[in-house]
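Below you'll find the structure, written out as structure tokens, and then a few comments.
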Amino acid sequence: MYVTAEPVFSAEPVVEIAHGVVGYADRPVLRDVSLSAAAGEVVAILGANGSGKSTLIRAILGLVPLRGGTVRLFGTPLKRFRQWRRVGYVPQRLGAGSGVPATVGEVVASGRLARRGVLRPPGAADRAAVTAALTAVGLAERAAEPVATLSGGQQQRTLIARALAGEPELLVLDEPTAGVDASSQTAFADALRGFVDTGGTVLLVAHELGPLQPLINRAVVVHDGKIAHDGAAPVPAGHHAAPDHDHVHPHAPEEPPGVCLT
Amino acid sequence: MNLFQYDFMIRALIGALVIGLAAPALGIYLVQRKMSLIGDGIGHVALTGVGVGLLLDRSPVITAVIVAAAGAVAIELLRERGRTSGDLALALLFYGGIAGGVMLVGLSNNRSNASLMAYLFGSLTTTSRTDLVVICVLGAVVLAAMLLLRPALFAICHDEEYARVSGLPVRALNILIAVAAAVTVTIAMRTVGLLLVSALMVVPVAAAQQVTRGFRSTMAAAMALGVLAAGLGVWLAGEIDTAVGATIVVLAIAGFLAVAVAAAAWRALRRRPFTRTAEVEPPDVILER
């Protein structure tokens, strides 16, 4: 179904972290982590809370400093990497935000900044990309509404639209479906599938894959700051394996998830 | 009698209008960052600059711009670190700024309390022709930067990590906001006063966001409210002979309350017809013939 022609993996990895070490104060979070993803791959990074999986992608994006090791994006060492237009980032949730209202369209339009720069005013291509991204996540009708009035799932879709608006080659997502309602999860998976079909590379941190499962070609499990598994997606165990189990907690989003990843 | 036949009133009015426009255009970014009080802190620091200027017999506006900008950049660098001691460091900077300023003014030749009060709370009569040129030029620069860079500044204040991953020059733009805040505080000290200028950055934004839906509309509405409060404030202060800064701020807060009450009333009014239409909706099934 989703195996439309085997993706052509080029020799040079899109993302590469070699012997990465990250720590806060005296507490090591990642110890000697190596991982790379080739163009067109969809890699899920799985792990329990506190395993270091979010830290791993934050280190790859340069949001937390590396104590050791190296990161390369599109073959360029992170320090010298300037082509941020090729990267789309979807954070876990909308930043702490503020009282100043912002519309869905305004938030998504900031996704164009990496491409158009600080000084150039938005043009027709920018507006078209914003509309296309909003349509891809099913929020085209809500562009003029304040973000704060949307549901958590719709806010999350706004964030993926912001990343898609920049027309990136690599998408990095931090727990995009955590605590998101079922309809938003499906809309999210559809948007991601559209991106993968155009040859995009995806690095995705998750607790559980849910409707994203069929998109994943590779799973990496982070445990205790190290990579414990790198290969096929782990098979769900227990009642999570039941065919009708879609693992959504509509009434208790803060409940700890039941999937056993290692 | 028409107060605006006097040149000093015209100068005070023009100065206040420029600040009424520029302060909310900058302040919206501070409010979005939850740093509404930072303008106040920079005002405290600027007083030391005024003291330095009076002591050296130089234009206090120039020295205040320099000292306030240095203070603002220091505050920004502390914020960037995000470490625990930031809050205390800010307190030290604020109180050091105002205490240093009062001491330096006391040491200068121009040591009267009246001149100190004029800088702290603004005065109608102190805006000279040179001051007005400085206010207009710097005000226009701040305004242009805040309007032209709006998408980038919005992105940074909305989600700084995302802006970083977008490759935006985050630190440079943060320092730009800090320096623009310092410049706005300093050009406002003649009319509004150092202790009240922060209100003109924040209160119009607080009022506007009661009724707006987006960032751009909030910015436009806040600037309109700022100009209105500044213009009316100068006129009223002249009419009833009150401190101009305080008058402008009281008017701005009155505007905030009026908008808040009107918005609440509007929401209540809109809710009522909604329930009424629900009552007359046709039934889904016919139970009896």
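The backbone N, Cα and C atoms fix where each Cβ goes, glycine too.
Caution: TrEMBL annotation is automatic and unverified by curators.
Per TrEMBL, transmembrane segment is recorded for B:12-30 (among others).
The transmembrane segment annotation in TrEMBL covers B:37-55 (among others). Beyond the ends of the transmembrane segment (B:37-55), by six or more residues, the same chain brings 27, 30, 61-68, 71-72, 75, 90, 93-98, 100-105, 107-110, 115, 119-120, 181-182, 184-186, 189, 194-195, 197-198, 201-202 to within a C-beta distance below 8 angstroms of the stretch.
Taken from TrEMBL, the feature transmembrane segment covers B:61-78 (among others). Away from its own ends, the transmembrane segment (B:61-78) comes close to residues 38, 41-43, 45-50, 52-53, 86, 89-90, 93, 97, 131, 134, 138, 174-175, 177-179, 181-183, 185-187, 189-190 of its chain (Cβ-Cβ under 8 Å, at least six residues beyond either end).
Here TrEMBL flags B:90-107 (among others) as transmembrane segment.
Marked as transmembrane segment by TrEMBL: B:132-156 (among others). Sequence-distant contacts of the transmembrane segment (B:132-156), counting only residues of its own chain at least 6 positions beyond either end whose CB sits under 8 Å from a CB of the stretch, comprise 11, 14-15, 18-19, 21-22, 25-26, 29, 32, 61, 65, 162-163, 166, 168, 170, 173-174, 176-177, 180, 183-184, 186-187, 190, 215-216, 219.
The transmembrane segment annotation in TrEMBL covers B:168-188 (among others). Panel annotation: around the transmembrane segment (B:168-188), residues 15, 18-19, 22-23, 26, 29-30, 38-39, 42-43, 46, 49, 61, 64-65, 68-69, 71-73, 75-76, 79-80, 122, 134-135, 138-139, 141-142, 145-146, 149, 152-153, 155-156, 160, 194, 197-198, 200-201 of the same chain, lying at least six beyond its termini, place a Cβ under 8 Å from a Cβ of the stretch.
Residues or ranges marked as transmembrane segment in TrEMBL: B:219-237 (among others).
Annotation comment: TrEMBL describes B:243-266 (among others) as transmembrane segment.
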